[in-house]
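Each remark here refers to the structure printed beneath this line.
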């Protein structure tokens, strides 16, 4: 056997062993890395991106999807509860759009099965964008730039709400955040976390946080009662999953939020009452796990949570096609 | 003389003649092309971009510079008058930020000498972002990502409002829109305009529009009375330049708006009362020039105006540094 072949064989063997080692260690972890988005229909995604940023989908012409799920701010508005049409105070904290395609359902109570079903909600909600699907479609249908783009993507001359929500959902599916320091660590780069951060992860697992916060999104994959060990008094009127199932057993059950990018998605909980990660970790420990974390433990868990910030979606700001002379004008102040 | 040298000489001569020809034709035109921005301090511009998109400069945490000067929509909000804190109705139409560095002064009444002086206005205006400079600075000072970036740019550990407005202005100075079809035509590409568009430009010049709408920004370089030939009844309470000079002769004098990207910056006039370019051209002809354009003339002028849409600023959406545990929280509802 030549020296070259021998070395190559050795390299292949090493790679297999090391690959298997990583695969094994990944399999043993309750959290899996986020994978980059695969775009199969770039035209659909581009159209959805424009719609996501277009305030003409609101009655006022002022509120877009990006107003409350701001991609400059972790896909949230960083407010306790959102601001809707005429400055109405929303009933609940806006969840992040980042990695939301991994959620088992959408909204805190899971009332939308998927992103497409979710996208139509705020447009027609009188407390949010305060429009109707019919009016939103009539606005888009009057804009030549959109009509051409819908035609190129869907092959049809008429725009409908199904196309609109499909495009927005397709864009939202691209909003994943791979390559966080934690994911690098998961994949084998043991230098990616500091000792304190790794200890924080161990505490996170050992304390039971991973019972609900697991999977690639570190949450988003189950409904759980808020206040298992100790009741939680919310500042929000939201009832949780019972609003959907009408089953009293689901009262105050909420979708477990993703912890990906949690450093960016403050304030926390469905009512936004926890301003900081320190508070959120303390409250969760107490009411969900019956644990009182020491300051040192809390700091380590928070340090770990901050390693979950991944690469934020990066793309040029979309340039929206202008309205035409026949486009219905927004009515921010009365009719 | 060799054939090659002779050909080269001929090419040089031709180039000179043609260059001189373009220079001459440009000199004769009342409108000059927009030149691309020259960035001398990229760190300052990047910081300014983040601040421009950051709603934490408002009391509510919901309104940023980009809310009313939206770079997805021609640097405007496409509303008659803007929406401010608590959904207050603004007194005036938000002018475009595009090419605004070319304005002789800022705001419709020119009350700010330059972009830096302008940038501080809306932050502290109770009807707009409703914050104070002191509170805005204290928010920024509490955000480690910003503190590091201000330090890198200004060499100082403390943030002040002068740095904030300087950075925003530096970003705004990059928001120019070169390479419109009209500019290509100006520079010698006679195929860049259709016959109707070129006729529209001739009408624009011959009718006297260029008396006020001239220079690279096609406006922005003088104050003029709204309603020279026939009085204009505005829906806005704005008094114009007299509010600054206290000289009654300046009553209802407004800064002539730029017509660059005018296809994107509807509705028109300081009160936003003209919904379409057709209306705006008709009204301007009547009240400023005593002219009644035929439908055909109006359509040609509008066709010309639409050739003034240039390349829109393109850059990745900025990712804002997260607040820290000590950052004062926004107070959108009360306080």
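A Cβ is built for glycine as well, from the same backbone N, Cα and C atoms used for every other residue.
Per TrEMBL, the feature signal peptide maps to B:1-23.
Residues or ranges marked as domain 'Cytochrome c' in TrEMBL: B:43-151 (among others). Across the residues of the domain 'Cytochrome c' (B:43-151), the predicted structure has a mean pLDDT of 97.
Counted within 10 Å of its Cβ, the other Cβ atoms near residue B:68 (heme c 1 binding site) come to 24, all protein chains included. Per TrEMBL, the feature heme c 1 binding site maps to B:65, B:68, B:69.
Annotation comment: TrEMBL describes B:195-309 (among others) as domain 'Cytochrome c'. Residue counts for the domain 'Cytochrome c' (B:195-309) under DSSP, split into helix (H, G, I), strand (E, B) and coil, are 49 helix, 8 strand, 58 coil.
There are 20 other CB atoms within 10 A of the CB of residue B:212 (heme c 2 binding site), with all protein chains counted. Per TrEMBL, heme c 2 binding site is recorded for B:209, B:212, B:213, B:284.
For B:315-335, the entry in TrEMBL reads region 'Disordered'. Per-class residue totals from DSSP over the region 'Disordered' (B:315-335), listed helix then strand then coil: 0 helix, 1 strand, 20 coil.
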Local Cβ density at residue B:69 (heme c 1 binding site) - other Cβ atoms counted within 10 Å: 23
Length of the line joining the Cα atoms of residue B:69 (heme c 1 binding site) and residue B:209 (heme c 2 binding site), in Å: 26
Around the Cβ of residue B:65 (heme c 1 binding site), the count of other Cβ atoms that are within 10 Å: 24
Distance from residue B:65 (heme c 1 binding site) back to residue B:212 (heme c 2 binding site), taken between C-alpha atoms, in Å: 28
Sequence-distant neighbours of residue B:213 (heme c 2 binding site) in its chain (C-beta under 8 A, six or more apart): B:204, B:219, B:256, B:259
Composition by DSSP (helix, strand, coil) of residues within the domain 'Cytochrome c' (B:43-151): 50 helix, 8 strand, 51 coil
CB-centroid shell, 8 A cutoff, heme c 2 site B:209, B:212, B:213, B:284, site residues removed: B:204, B:208, B:210, B:211, B:219, B:256, B:259, B:288, B:289
Pairwise Cα distance for residue B:65 (heme c 1 binding site)/residue B:284 (heme c 2 binding site) [Å, integer]: 29
Residues flanking the heme c 1 site, with Cβ no more than 8 Å from the Cβ centroid of B:65, B:68, B:69 and excluding those residues themselves: B:52, B:64, B:66, B:67, B:70, B:75, B:77, B:94, B:97, B:122
